């Protein structure tokens with residue numbers, strides 16, 4: 001057999017002594033991407049058929065062949081990239097894909113706030129054993145953030161006691177004896193997304209003391225607890241000629257006096273009746289009787305604010321009716337409709353009605 005080389009074509013003399021065109025060797029076959037020819041070294045006379053295989057990561061369905069026809073190979077279809085399966089949802093996280101899931105694509109994983117990523121942050125669609133493709137490495141896990149046990153406090157405790165704490169767990173602090181101790185600092189703490197307790201700041205149970213008040217025109221009796229100044233009690237005693245305005249005894253409650261410290265106001269009985277009200281008093285009336293406030297017919301019907309040593313209330317005075325005032329009670333009538341002789345505080349005129357006290 002003889003071979004004739006002419007330009008780029010190869011002629012072969014076959015058994016019938018006829019010159020025919022041959023196809024290029026497979027290493028010259030580069031017109032189709034990602035294609036490998038079967039291991040056949042040639043020559044490739046007219047009619048030769050070779051199986052076509054795709055490179056790694058590419059596939060062709062069905063399996064195809066190429067044939068030498070008049071010096072040219074038939075053109076196969078292109079090999080397509082293999083495709084990985086759609087990733088499963090990442091519990092407590094999310095992912096993004098570049099490459100549309102095909103061979104060579106990459107997934108990037110991130111976890112939601114309050115969760116830690118355990119594993120690789122990325123996976124790639126790579127070739128596996130047997131020619132298949134799959135995501136490598138396996139997807140990570142998003143594990144909830146954990147906090148160390150919350151700080152303990154002296155003379156106090158917290159709620160939600162358990163072996164371990166996770167993101168969004170909350171504890172609330174309280175003092176063992178809330179009548180003596182005051183909670184300072186954050187009363188509640190939260191296990192945050194960083195695995196630390198917030199807000200910052202130390203929580204304590206402390207004894208908070210009250211300052212001994214200075215009351216004008218009075219002296220203060222002190223009764224101190226044997227265990228703590230937190231249980232400090234006082235009684236305010238007005239000097240002669242002054243009357244208590246407010247309430248006593250008073251207790252130091254978490255640094256605040258309760259009820260509020262009273263005042264001692266000078267006793268005065270202005271002569272004459274209050275406009276619209278007749279103050280009827282009989283100085284010879286024995287102690288224990290009552291004073292009558294008698295509303296005259298000339299006074300328009302209206303409501304006054306009555307403040308006594310023990311309460312504050314609104315009293316309605318209907319025309320022609322009598323309002324009886326308990327003995328021993330200082331009554332202050334506030335009004336802005338007319339001026340009354342008395343004490344002016346913050347623009348409000350105060351008038352003390354005369355009171356039956358020990359016949360005086």
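Glycine is no exception: its Cβ is also placed from the backbone N, Cα and C atoms.
Annotated signal peptide per Swiss-Prot: 1-20, in sequence order, evidence recorded as sequence analysis.
Annotation source Swiss-Prot lists domain 'Sushi 1' at 21-81. Taking the domain 'Sushi 1' (21-81) as a whole, pLDDT averages 71 in the prediction.
Marked as disulfide bond by Swiss-Prot on the basis of sequence analysis: 23-68 (among others). Within 10 Å of the C-beta of residue 68 (disulfide bond) there are 22 other C-beta atoms, taking all protein chains into account.
Sequence annotations record features per position, and here Swiss-Prot assigns N-linked glycosylation site to 36 (among others).
Taken from Swiss-Prot, the feature N-linked glycosylation site covers 39 (among others).
The annotation N-linked glycosylation site is assigned in Swiss-Prot to 46 (among others). The Cβ of residue 46 (N-linked glycosylation site) has 17 neighbouring Cβ atoms from other residues within 10 Å, across all protein chains displayed. DSSP gives residue 46 (N-linked glycosylation site) a coil state; it is part of no helix or strand.
Annotation comment: Swiss-Prot describes 54-79 (among others) as disulfide bond. Other Cβ atoms within 10 Å of the Cβ of residue 79 (disulfide bond) number 21 in total over all chains. Residue 79 (disulfide bond) falls within neither a helix nor a strand when secondary structure is assigned with DSSP, and so counts as coil.
Within the same chain, residues at least 6 positions away in sequence whose Cβ sits under 8 Å from that of residue 72 (N-linked glycosylation site) are 23. The annotation N-linked glycosylation site is assigned in Swiss-Prot to 72 (among others) on the grounds of sequence analysis.
Residues annotated as domain 'Sushi 2' in Swiss-Prot: 82-144.
In sequence order, 82, 83, 84, 99, 101, 102, 103, 104, 105, 106, 133, 134, 135, 136 make up the list of same-chain residues 6 or more apart from residue 125 (disulfide bond) whose Cβ falls under 8 Å from its Cβ. Swiss-Prot lists 84-125 (among others) with the feature disulfide bond.
Per Swiss-Prot, the feature disulfide bond maps to 111-142 (among others); the stated evidence is sequence analysis. For the recorded site, residue 142 (disulfide bond), the DSSP three-state label reads strand. For residue 142 (disulfide bond), applying a Cβ distance below 8 Å and a minimum sequence separation of six or more within one chain yields 90, 91, 92, 93, 111, 112, 115, 116, 117, 118.
Look at Swiss-Prot and you will find 145-207 tagged as domain 'Sushi 3', backed by sequence analysis.
Under the heading disulfide bond, Swiss-Prot lists 147-191 (among others), citing sequence analysis as support. All protein chains considered, the CB of residue 147 (disulfide bond) has 21 other CB atoms within 10 Å.
For 155 (among others), the entry in Swiss-Prot reads N-linked glycosylation site. The 10 Å shell around the Cβ of residue 155 (N-linked glycosylation site) contains 14 further Cβ atoms across the protein chains shown. Look at residue 155 (N-linked glycosylation site): DSSP puts it in coil.
According to Swiss-Prot, the feature disulfide bond maps to 175-205 (among others). Within 10 Å of the C-beta of residue 205 (disulfide bond) we count 21 further C-beta atoms, all protein chains included.
Per Swiss-Prot, the feature domain 'Sushi 4' maps to 208-266; the stated evidence is sequence analysis.
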Three-state secondary structure, residue 205 (disulfide bond) (per DSSP): strand
Assigned element (helix, strand, coil) containing residue 23 (disulfide bond), judged by DSSP: strand
Nearest of the recorded positions (46, 79, 147, 191, 210) to residue 238 (disulfide bond), judged by Cα-Cα distance: 210
Spatial neighbour of residue 252 (disulfide bond) that is closest, considering only the recorded positions 79, 147, 155, 175, 264 and their CA atoms: 175
